[in-house]
Amino acid sequence: MKFKNTFTNYLIFINALVFLLMFLIGGMNVFGDIRWLLVFGAHFGPLMIEEGQWFRLVTSMFIHGGLMHIFFNMYILYIFGNLAEKVYGSYKFLTIYVSTGIIAGITTLIVNPETISVGASGAIFGLIGLLFGTGFRKDTPSLLKSITGTTLLPMILINVFLGFTVPSINNAAHLGGLFSGFAFGLLTPVLKHYSRYSIWKLSYGASLLVLVGSFASLLAFILL
């Protein structure tokens, strides 16, 4: 099977690489060890507010708490990420993925500041919210419009219900990502040709800088 050159697949690769690195350092036990999760950049309010470690808003999106956790998240990301990237294009996709992931982290910081949180699900819910919101637009592709009520809505309702009933689920992140993604879906035009100085090209570049800067800050935190 040929590897598709998409940002969705690159994100999956980075998540898998981080997971493999954590495993090589500490084995499977590392994923249940709070200390190691914090070392690798888990979301934790006190360190962000008191120590200024805001890179955790981004790095926590690439850490997972076990094999099933990363497998399920990457499976969903593969499906809805590639769909969102096809509908919106790579520039908008990456910008929205990073933005909704950060908003999910900020929501967690406000609602559950003492919670140690990891996983890509906040950003993934951002993509689901994006596609759901896009389903209400006039310029929505027919395929996406057809799954808005039959696939996306039931998935959203089931996962929100689980979020309120299963204590280990970070529902604040899910809802923060979902609602911010929904807003992007309502307001953002679908894929079209970009001008040379498109605002989305600039925001895409800013998103790359945020990703690189966050991991560079994490590396400095680990080494220093």
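Cβ from N, Cα, C; glycine included.
Unlike curated records, TrEMBL annotations are generated automatically.
What TrEMBL records for this protein:
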- 12-34: transmembrane segment (TRANSMEM)
- 52-187: domain 'Peptidase S54 rhomboid' (DOMAIN)
- 54-81: transmembrane segment (TRANSMEM)
- 93-110: transmembrane segment (TRANSMEM)
- 116-136: transmembrane segment (TRANSMEM)
- 143-166: transmembrane segment (TRANSMEM)
- 172-191: transmembrane segment (TRANSMEM)
- 203-223: transmembrane segment (TRANSMEM)
Between the transmembrane segment (172-191) and the transmembrane segment (54-81), are there three or more CB pairs that fall under 8 A, provided the residues in each pair are separated by 6 or more in sequence? no
By DSSP, what is the split of the domain 'Peptidase S54 rhomboid' (52-187) into helix, strand and coil residues? 106 helix, 1 strand, 29 coil
Please tell me whether the transmembrane segment (116-136) and the transmembrane segment (172-191) touch - that is, whether there are at least 3 C-beta pairs under 8 Å between them, with each pair 6 or more apart in sequence. yes
